[in-house]
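Trainee: Residues or ranges marked as region 'Disordered' by TrEMBL: 1-38, 1577-1598, 1638-1675. Residues annotated as domain 'S1 motif' in TrEMBL: 131-224, 240-306, 329-399, 415-489, 506-573, 593-662, 678-750, 883-947, 1073-1150, 1282-1354, 1391-1460, 1481-1551 (among others). Summarising the annotation, TrEMBL assigns compositional bias 'Basic and acidic residues' to 1578-1590, 1638-1661.
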Amino acid sequence: MAPKGQPIKMKKTSPMTRKARPLEKKEKKKASLKRKVEEVGHAKPYSIFSQEDVPDFPRGGASVLSRSELEEARASADAQFEVEARVSKKAKRPRKPFTSEEDLGSLFGDGSSSTLPRFANRITPKNVSVGMKIWGIISEVNAKDLLVSLPGGLKGFVKVEEASDLFLEKGGSLEKTRGSSSKENNVLECNFYVGQLVPCVVIGVAHDDKREAKGSKRIWLSLRLSLLHKGLALDSIHDGMVLMACVRSVEDHGYILHFGISCFTGFMPRSSKIDDADAMMNRGHLLQGVVSSVDRVRGVVHLSSDPDLVANGLAKDPKGLSIDMLVPGMMVNARVQSMLENGILLSFLTYFTGTVDIFNMQIQFPSATWKDDFDHSMRVRARLLFIDPTTRAVGLTLNPHLIRNKAPPVYVKAGDIFESSRVVRVDRRFGLLLEIPSSPDPTPGYVNIFDASDKEALKLEKKLKVGSNVRARVLGIRPLEGLVMCTLKASAFEGSVFAHSDVKPGMFVKGKIIAVETFGAIVQFSNGIKALCPLQHMSEFELVKPFKKFEVGAELTFRVLGCKSKRITVTHKKTLVKSKLGVLSSYVNAAVGLITHGWITKIEKHGCFVRFYNGVQGFAHRSELALDLGSEVDSTYHVGQVVKCRVINAIPGARKINLSFVLSPKRASVTDHAIKCGSIISGVVEHVTANAVMVYVGTNAYMKGKIITEHLADNRDQAELLKSLLTPGYEFKELLVLDMDGNHLFLSAKYSLVKSVEQLPSDIDQVVPQSVLHGYVCNLIETGCFVRYLGRLTGFAPKGKIVDDRTIGLSDVLYIGQSVRSHVLNVDGDTGRISLSLKQSSCFSTNVSLIQGYFVMEEQIAKLQSIRSKVSDLKWICSCKISSFIKGEIQEIKDYGVVVRLLQADPAVGFITPYQLGGTTVHTGSVVEALVLDIGMGEGIVDLSLREELLVGHKREGLEGSLSSKKRRRDECFNLELHQNVNAVVEMVKENYLVLTLPEHGHAIGYSSTSDYNTKKLPHKFFVNGQRLVATIEALPEASGAGRLLLLLKCLSEVVVSSSLKRALKKSGYNVGSLVEAEITGIRPLEMRLKFGKGLHGRIHITEVYDAGHVELKPFSNYRIGEHLTARIFEKATKSDVSSKQHIWELSIKPSMLAGSAEVADGHLVEDFDYSLGEMITCYVVKVDNEWLRLAVSCSIMGHMFVLDTSAEPSELEEFPKRFSVGQGISCFIIGIDRGKKVLRLSLHAISAKHGARHDVDDIVQPDDIGSTSSNEKASEFIHEGDFLGGRISKILPGVGGLHVQIGPHLYGKVHYTEVTEHFVPEPLSQYQEGQFVRCRVLNVDRTTKGNLHVDLSLWTPSEGTQLVSSEGHESLQEKFSKVRVEKIADLHPMMDIEGYVKSITSKGCFVMLSRHLDARILLSNLSDRYIEDPEKEFPVGKLVHGKVISVEPLSKRIDVTLKSKIGTGVSDSSVLDFESLHVGDVISGRIRRVESYGLFINIDHTNLVGLCHISELSDNHVEHIDSKYAVGQRVQAKVLKIDQERNRVSLGLKESYLGVKTNQIFTNFEMLEEVINGHGSSDDLETHTETDGFKNSPQDSARVRSFDMKSDFLILTDIKSRESVLPLEVDFGDTEDRYFGDAESGAKENSKEKKIADSSSTEKKSRRAKKKAKEEREMEIRAAEENLLDDLCPNSVDDFEKMVRGSPNSSLVWIKYMDFMLSLADVENARSIAERALNAIDIREEAEKLNVWVAYFNLENTHGKPPEEAVRKIFERALQYCDPEKLHLALLGMYERTEQYQLADELLNKMVKKFKSSCEVWLRRVENLLKQGKDDVQDILRRGLQSLPRHQHIEFISKTALLEFKCGEPERGRSLFEELLRNHPKRTDLWSVYLDQEIRIGDSELIRALFERATCLTLPPKKMKFLFKKYLTYEKSHGDESRVEYVMKKAMEFVNSTLG
């Protein structure tokens, strides 16, 4: 075995081969190793313990023999030759034993060789390998990993994802808690604990770059059971077996367990005992259990977690047990097989052997004779310690604690020193075992040989004897063995820092810099402990490049700042390192007067925060910073600066220290004592700033003072007004000194503080509990407010002690600087805290200082205003004394009062309120004599009264002067006394006070404040004129200072509920309407639970806190559990829930409920459901769903609000779930009412005035009514043109269809393509996506009589046009066009610039959308100045184009536009030439442009003219159905009847008599060939065989492909090949057999028909089949007529469609368009109902019509079904009962192919070829499907098809397969099929035609001509030869030259001659 500590190396030879080496090789190796030992005889002895794995201090024993290779060789040689040295007698000195590399340090396997190991297996960092299983103990649990202690002092790490298999599952604990830092969400801390024994699997061994030790490795472990139980099967599990399991889920009766194997699970009942009582059995919890039973059928293993059973559970000896099934911690019965030098060898479980080292014996202190305790074959119980599957090495332990499945106890900690430790055993060259005298039990300790002495210690047995005592210090702990590592070195006891516990704040240490990072330097002490020196502490000044000043390896002196959680912080600031001042490391040590050093951590405007050692922090106020006058804090000091400061105050309990930078405060002079806190001084204004007034203080010393704005007056408005009037030089007579900062004073001019200065405290000792003091608010926080008195004496009032009404917010009551009265509740002298209450019930005013100060300040402001307005004095005031009479002239009479011009008090103005007129009639210009009630000095307004009772009450002796008036007032007030209660009547209600009269005292006039100090910001009590009040006289006119009689109202001090009422409530019973005093027991988001009376319980719903109209975000935020409040019962007690027996009373604390009485009926208060649409109400959020808000309006009334009703802004709609929270109060508007269910539909949008009348909505939309449309018309009542709504894009329509936008729960609108952006831009839909929120503007709301809605929307807001300039700076193309949108055709005129989007493109031109109402046409010739080869490519649908208007037809709404850059005006030259080229009588050719009921419009070939053929000129016979006989695009010949060049009109005629056409013309063979030669053949005959694919459309096909007018806004049903996109209801009305082969199949049938007709007699009667076909053709003509009619009518409402379906109930086209119309309104349910109606309405004989509806139904469910596949399958199964199965399968297949559902199409085709084997169409569809997918199975399908199809269908099947090969596959295979057909059927001209057409399409001219030559050389009837020659001639005219044309004509002539000859 390799030496211990060496890595395991894989040899080329196996262990068996290595053991079988010849003896000579072994001797050579020993001799070589011996020579090596002699060369290095100076090497030190080797230790069996390693110190590599300990970062801070050597633990010892971590690894064995980890020194250099030479030292290993020396130790190995000594061990190997030890025996030889004893035997040899001739040797001069004893030889040291020799130990081979295979013995010490390597892992011994299972004993397969004959040689036994000499040493026990030990794991080291070098032999730990991946896959090894190890038993460990958790020593540390972190948020992201676990630290596991392993045998031998090793440690491993377990990442959080490796802690359990369940953490890696989707939705597992790790995924749910990722990113969470809370302990509750930490999966590791919830499932693991320190000291837990766990089996681990090594998953990685990597070098740790962070370690300093060379070769150090980090071991990565895994606790995943899938790795641990690898190879475990259900068959190998038996009863009594101990297994590790993981809790997968926690159920009601137990736990579902996971074993890491997916084939079986486990279950453990809750009744099982848990080993750790504190363990939380969460998902992922790891546990051990004993198998109680195994259910092999269900694959369930039942476990029991009884600790006794687990501890005694033995592993049995099953058959076939492999080493992979061994698990660490498994207990086995073992037998001693052999004794080893450092352990024993055991055999267990029959097949396995393992070793136990000396540190895992059952004896705690094994002596030198420990081997005597074990006998050969002795039986012991052992647990597996580790298993190495690679080497099959197994380690075991006999530790008694581990045998009991418990971790060994450790009673010491690192760094402990033990003076008398007894030596138990001395291991030569290794170390010694000690008995540490710990308490309560001794602990084994081991000393490594290198830790035994500071000097080299080779012979320990001589220096240390067994039984001697030594002084030892603990280095580290090995938890799994219960062993501690110690040292005996003297240097270990001398160092000041040995462990983290030795580090003290403020101590000096020396350290070496081992790393410099951007955040600081890493410092290592001499013993290996590391510390951090932060960047700001590396120097006194800020270091830009710390790497230059601090070099790695430098040794410097530091000072410890603090040590927390083994994290040490040091400083290298020079001032701190060299400081001799005391260290402040605790708040307790902060003695007043202590001077010490600290460093600034934060700078504020009002001071600095200073940090000291161990995290202690203090604050230095601005006044204590020794600042110069005008200096700022941040300009004098900086963060990180070391300062010397003095402690001036400390409160250890509150962790507060007040500091001062003034180390020696100056003594106060005699003059300084003249001014102190509380002094009343005068001051002169120096200047006024934005927030304060600076004044000079009139003393001997030069001092300045500062008055902040709020301290100018008690009234906030007066303070602001006074500051605006102050100028330098104004003198304040009385100023109160609030605080002093050196020579700076903080002053106040508040009247309340100045007059109560004697009662204001300046020290806490002066504060008396239960007293009421004046003060001011100095700060407001969320939990309360701070009230300051003199100096810095401050008290705190919690939020609950500020107002009586807890529902009022703190910011609504107070403001900083407000004057308040405070009630002292408690004074704590130790902490310096004063607890206050500001409740009005305990702090109401007992004097009139508030109103008195108001009038005094009003007088001062009036004087300042008079000075500013340059008025010398206020003489008019002397003429307007209160209670005096004054004359005035009525100047103006208003609704709110009468304005009077005072004759004796100019410029003041008198005013009489309507109430004070007292019924007196006055006229403008009349003179009246009135009583003065009040004087507004500042405004110059005198309030007068003409009330008769006041005039009579004031006895008037005359108006001569003011002396009699003064005498009268003295007489009136003579009988009034201070503090007398009087009855008063309100005469006037002012903003801040009341004007009262005393009827019982001669109507004397008095004044009273409407509020108090603490209620200034609260709503004042409501007073009305004439109201009677009770007041107390507090100041007579002579003593008031303002010449007024001042009163104090009793109502300002009243409490809401009196004590007598409380006692009455307790004694009496409770009924609905009763007031109760209740205590809050619980607060929930939507309700508050209370208890009252004797065991009664109640609750207050969230809607029962405030009255209607008051909005509070969180109504319950002002209440706390345990608080008492008064509530009113409004509903009898009911059970809170079914399972609860508790009855809950419904309570209310609404102010209206508490103040008034409500009507009681049937045990509850009557609640009126009286709501109206548009009414604004207050409600509260109950639940926030994805799209709905559920709101509570009251206890019994609920409301719902849709997401789109919450805002019109997309940004707010996207944040919908975040904007609302449960319990939040909001104000909203009612848009729907359901009186039966008491439910309201609500919206945050304000209701427009258009909504006027009230409506009741009996069926409003609720969140559960999915698919309901009953409220669309109801919600639309509030949608009008011009409204802005929030919307969500539900669908982006293809092409230029625009957008479908949802604007309500079931209400949708459509955004036209031109209404997406304000300006026409390319691809306007590119910036939008489905589900996106948008802001919409309503353009139009179409309401039908049936209640259906069609809402047109726009996504842009009308604004002024913006200038569009190109990026290159030149005039852009868009600048040439109008910025005004064209909405009406009347706004258009020729030559007008327009822009629009291409709506559709054809071979003749395109249509362009100008707006949502107007489309324009652009002919192909007007698309561009240049030639356009591919119009569809140049002008795709949706392209933005710019052009000019050519012509406008307002009546027909036809607009022609050109895109050419150069066009003329008026009639073009070409038009003139066209008219000149035409003459009456000419026969022209052209195409039908439009079919009308009165005639045809025909485009004349080679001209730009359109002629009209009236219905009377169509035929010589009467024409009944013009639309069925003629179609758009049909070519005709006509005769010019009339030309009107002035009116640009051409009249045409199509009568046969005009053209001379014979109806029954019979051509001979010769005549026909002559026509071919001369080129005048019948165009009809030519068209019969010149189609693209060689086939001609049948009449049915021609009708089916007829499309609708391009102006139509509805679905266009055209041939599938011409469709650019497939809409949901697109139905192919053509025969399914013609789907992919188009004209080819029709042509084939036509030629086949010609052959049959030629062979049959011309006189034979038509067969039934011919009659049936003629009938079908007639039906198709009728269908075409219906399509044209439907397109012309353009139904746009439900009523229109209802009329059409009643008129044509059997027309599937009408029904399908009706369905599509409903889908355009996003009304899917109605579309389904229409489909069902159509299936019931269409006659049962109309199979084709029903099939069309079923196909449309398929498309509908495929788009809107949930899920689509299932919905389509159900409809398909229904349709099979009514329709042809084959046609239905083909229709479903077509839908799958159109919608690109190829997998479903393949599955359906495989079923169809089996079910419809005889259908040629089915086999052809299968062929086409394979070709489109590029598969090569066509030949197999062709073979199978020919076997299944009837013989007469073979030609058709092969030819069409060949045609598909040409189109979709390989043309060469198509040629082969055609050649095979023509070889067997050479006379089939239809096959020749198709073959030729395909070759012509490919374009190989040589191959085409060769094919024509073969065809024209055949011997066929003349008629068929005529067809072939005509086709040949047509090809040469198009692709050949004149010579080729002459060649074909010559060849045809030769054929004619040969035929005639």
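Even glycines carry a Cβ here, placed using N, Cα and C.
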Trainee: When you look at the domain 'S1 motif' (506-573) alongside the domain 'S1 motif' (415-489), do they share 3+ Cβ pairs under 8 Å, ignoring any pair fewer than 6 residues apart in sequence?
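Mentor: The answer is no, given that the two segments have fewer than 3 Cβ pairs within the 8 Å cut-off.
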Trainee: Would you list the DSSP helix, strand and coil counts for the residues of the domain 'S1 motif' (506-573)?
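Mentor: Final tally across the stretch: 7 helix, 35 strand, 26 coil.
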Trainee: Within the domain 'S1 motif' (883-947), count helix residues (DSSP H, G, I), strand residues (E, B) and coil residues, in that order.
Mentor: 4 helix, 35 strand, 26 coil
Trainee: When the domain 'S1 motif' (678-750) is classified with DSSP, how many of its residues are helical, how many are strand and how many are coil?
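Mentor: Helix/strand/coil tally for the domain 'S1 motif' (678-750): 13 helix, 39 strand, 21 coil.
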Trainee: How many helix, strand and coil residues does the domain 'S1 motif' (1073-1150) contain under DSSP?
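Mentor: Helix, strand, coil within the domain 'S1 motif' (1073-1150): 7 helix, 39 strand, 32 coil.
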Trainee: Of the stretches 329-399, 593-662, 1073-1150, 1391-1460, 1481-1551, which racks up the most C-beta pairs under 8 Å with the domain 'S1 motif' (1282-1354)?
Mentor: 1391-1460
Trainee: Pull the DSSP breakdown for the domain 'S1 motif' (329-399) and write it out as helix, strand, coil residue counts.
Mentor: 7 helix, 37 strand, 27 coil
Trainee: Write out how many residues of the domain 'S1 motif' (593-662) are helix, how many strand and how many coil, based on DSSP.
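Mentor: So the counts come to 13 helix, 35 strand, 22 coil.
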Trainee: For a three-state summary based on DSSP, what are the helix, strand and coil counts in the domain 'S1 motif' (1282-1354)?
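Mentor: Tallied per class, the domain 'S1 motif' (1282-1354) gives 7 helix, 34 strand, 32 coil.
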